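Report on one structure; see the data block that follows.
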Amino acid sequence: MMSGSSPPPPSLPAGSGSFFFRGYTKLCKGLAVILLLVHLVVQLFPSAVTYLALIPGRTIPFAWNLITAGYVEQTIPGVIVSIIGLLLFGKLLEPLWGSKELSKFIFIVNFSTSACVFITAIVLYYITQQEIYLYTPLSGFYGVLSGLLVGIKQLLPDQELNLFVLKVKAKWIPSLVAVISVFVRFFVKDLMSYLPVVLFGIYMSWIYLRYFQKRLETGLKGDPSEEFTFSSFFPEVLRPVLDPIASIFHRLLCGRSERSDARGQTLDTSPLPGSDSIEANRRRERGQRALEQRLAEKLAAVRSSEGTSLDAADKV
């Protein structure tokens with residue numbers, strides 16, 4: 001939870017619909033163009049899917065598929081969702097992380113997600129002996145989109161997002177996406193290939209943010225706060241069961257020494273009392289201030305444009 005002195009999440013002003021159509025970063029616009037161009041290529045030249053999508057039985061020697069598969073959207077709805085999601089999520093995260101860190105995050109999540117999907121497909125083939133796991137083209141940007149949602153959960157967990165008629169806090173969006181993906185998979189078999197991409201995208205992005213992302217303010221890696229544990233993706237009733245399991249992977253990933261910060265905290269030792277909560281609050285307050293600043297800039301732009309229109313009307 002945010003500290004008591006933090007202001008409540010800002011709401012968008014009335015008549016500021018242009019907020020959703022402005023402020024997209026150059027990096028995200030460039031990646032959106034890439035997604036669109038790759039989609040057009042696979043539509044015009046269907047055989048390109050063989051070389052760009054992830055086909056586990058052909059990944060060796062086509063190892064570049066582990067990188068290119070994430071940027072291949074084979075359907076029109078898929079490319080539309082990916083572009084819109086990238087632009088909106090990137091607009092929130094890039095001002096807080098910077099272009100370099102966002103680029104690094106997208107690359108790592110995309111590659112690690114593809115690698116996990118590849119390994120899973122090979123294991124399923126050896127278990128079932130069904131060649132469908134080897135030769136079904138797997139692709140899509142949904143792994144990265146899921147990872148960006150995890151980044152929003154980390155930085156703006158209490159920010160409410162409007163989902164149709166519901167208002168959901170950002171910290172629950174990745175979990176909601178995972179549940180919906182699993183549920184839909186039982187009714188729409190054509191979407192089965194998207195399920196591992198989404199689930200691995202959420203998990204691998206959490207691992208990176210939890211243990212490896214460098215924190216500029218302290219020089220340490222990762223986010224050790226209690227609010228960003230693996231069990232935080234699940235309802236509280238399940239956490240006593242999940243925490244012991246998650247602690248095993250925590251020891252595997254944090255079984256090495258990390259240099260201490262100014263407060264004497266390391267990732268593989270017990271933190272100072274309250275230091276995790278303080279760090280989490282700092283992250284949220286920084287994200288909150290950045291969001292408020294962007295909203296203020298958008299509101300000022302809207303008011304300026306409205307004022308210009310009124311002046312022009314008066315002159316007429």
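Start at 1 and count along the chain as shown; that gives each residue its number.
Backbone N, Cα and C define each Cβ position, glycine as well.
If you look up TrEMBL, you'll see 262-286 marked as region 'Disordered'.
According to TrEMBL, the transmembrane segment annotation covers 31-55 (among others).
Annotation comment: TrEMBL describes 75-93 (among others) as transmembrane segment. Non-local neighbours of the transmembrane segment (75-93) in the same chain are 20, 23-25, 27-29, 31-32, 35-36, 39, 102, 140-142, 144-145, 148-149, 151-152, 155-156, 291, 294; each lies 6+ residues outside the stretch with a CB under 8 Å from one of its CB atoms.
Per TrEMBL, the feature transmembrane segment maps to 105-126 (among others).
Marked as transmembrane segment by TrEMBL: 132-152 (among others).
As annotated by TrEMBL, transmembrane segment applies to 172-188 (among others).
Under the heading transmembrane segment, TrEMBL lists 194-212 (among others).
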Same-chain residues near the transmembrane segment (194-212), Cβ under 8 Å, at least 6 residues beyond its ends: 105, 108-109, 112-113, 116-117, 120, 138, 140, 142-151, 154, 174, 177-178, 181-182, 185, 221-224, 228, 230, 233, 253-254, 267
